Amino acid sequence: MWREASRKDGVTASTLPTTFDIDVEKGVKHASHASYSSCETLFLEKDQPLPQKKYSRSLRHARHTFLNVYRRLFSIVFVLNLIGLGVLYGRYRESSPPAFMADLANAASANIMVVLLVRQDYVVNALFRLTWIIPLTAPLRLRRILTKVYEYGGVHSGAAISSVTWFSIFTGYLTKAFIASGPLRSPAILTLTYLLLLLLLILCITAYPRFRFSSHNTFENLHRWGGWFSLALFWAELCLFANTQVGLESLGTILIKLPAFWFLLVSSLHAIYPWLRFHKLHVRPEKLSDHAIRLHFDEKVPLFVGLRISDAPLREWHSFACIPAREGQGGSVLISNAGDWTKKTIQNPRPYYWVKGVPVTGVLCMARIFKRVVVVTTGSGIGPVLAVVQDVRDTKCRVIWSTPDPLKTYGASICNAVQNVDPNAVIIDTRKERRPDLVTKAWDLYVREKAEAVFVISNPKLTRKVVYGLESRGVPCFGPIWDS
């Protein structure tokens, strides 16, 4: 099954069984065959050299890093909120504080609603499906812009910071009203306000990327429990605030007249809804190696989606792409050792896991609005690739997969599935070869195939490197960073 293949430049590389191809480092490629019994070695010319990056370094940094699409969306949301704040200041310059404070609370709760909605799976799915309407004949520039829909996280974070801004101003005016001994002099309201402001600040600070990477479990738990607790505090404070306005009208009548009431109601319903779909997902574990496992299930799921699964629903959830079963319904998820939870799952898989909400669409599904694409992935990132490219009928997909010992780690079924989606897939065994320059590899295949876009599914550091390396050379390149 294995043998050494000679190279024109004198270097040798261990080849994979001939059911799939490999291009290692400088162009060695093995032809596909129906069995493992024979192997033919083909030689390709070396990778095409990378062109120079476009524009000056400062302009590249501004466009692709400092003002990337995520940050542009964040800025748009935040600036719109600043404009709204200016309008309110102009309107209430000579008005009573309670009316101004009510609108501050309305604005804060509206932003909290946006924060929750934009992260709901069904909202994300709707955004992606809207972009699928665009035909392959549409201008490439338009399709390139729409593909950035996966950067919707910029709206989420922009609305989150805006809600804290609004609520901070509300807290300032409430403190001023409390000191002035007006109708809003309520120790209960003031206490709840400061508790809620402190909680919102903690949620925003711990969402900073550096903290999320270093303490992701802490981040998840803080945001899960902190989010629920902040909604409860907001409800309590809204009721107490409305109670100070009670006169000829009842508390209920005053509440339903406040926009904040409806914003919080929508937020609460959407926070509850995923848990209404909470259920067990029975799985059949297939241990591929000490580094990877595949969990098969019979539950029917749509194409191009992923599942969030958990063995401790109140503590942590993990997302994995669903690879549709080729026969029958159901599918599987591919899990590799990337942390404590995945290691535990590989060593001691359970017969079932918990799922909630609806399966969510991933960024790679946007390949369907291009005619030809190159997909670059590493390790278990091949899972999302297989979950999508084998069902994108009108798009030609070329695959570059860099991983240690692919056959031993992921098994013949995964390797053969890669060959099925791309008979000439470039599979690089990093145990036998040094880690490749994936920017150069992607550029080379992009040019040879006359592709329209490149997608990257890998760890955040490598994704940033490849996306920046190609975008700075004018290549439409897309890759999610964390959860974008």
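Just so you know, glycine gets a Cβ as well, placed from its N, Cα and C.
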Can you dig out which of the ranges 132-153, 154-175, 352-373 TrEMBL describes as transmembrane segment?
154-175
Six or more residues beyond either end and a Cβ under 8 Å away: which residues meet both conditions relative to the transmembrane segment (154-175)?
69-78, 81, 85, 97, 100-101, 104-105, 107-109, 111-112, 114-115, 118-119, 184, 189-190, 193-194, 196-197, 200-201, 203-204, 207
Do any residues of this chain, six or more beyond the ends of the transmembrane segment (254-276), have a C-beta under 8 angstroms from a C-beta of it, and if so which?
102, 105-106, 108-110, 112-113, 116-117, 120-121, 227-228, 231, 234-235, 238-239, 242, 245-246, 356-358
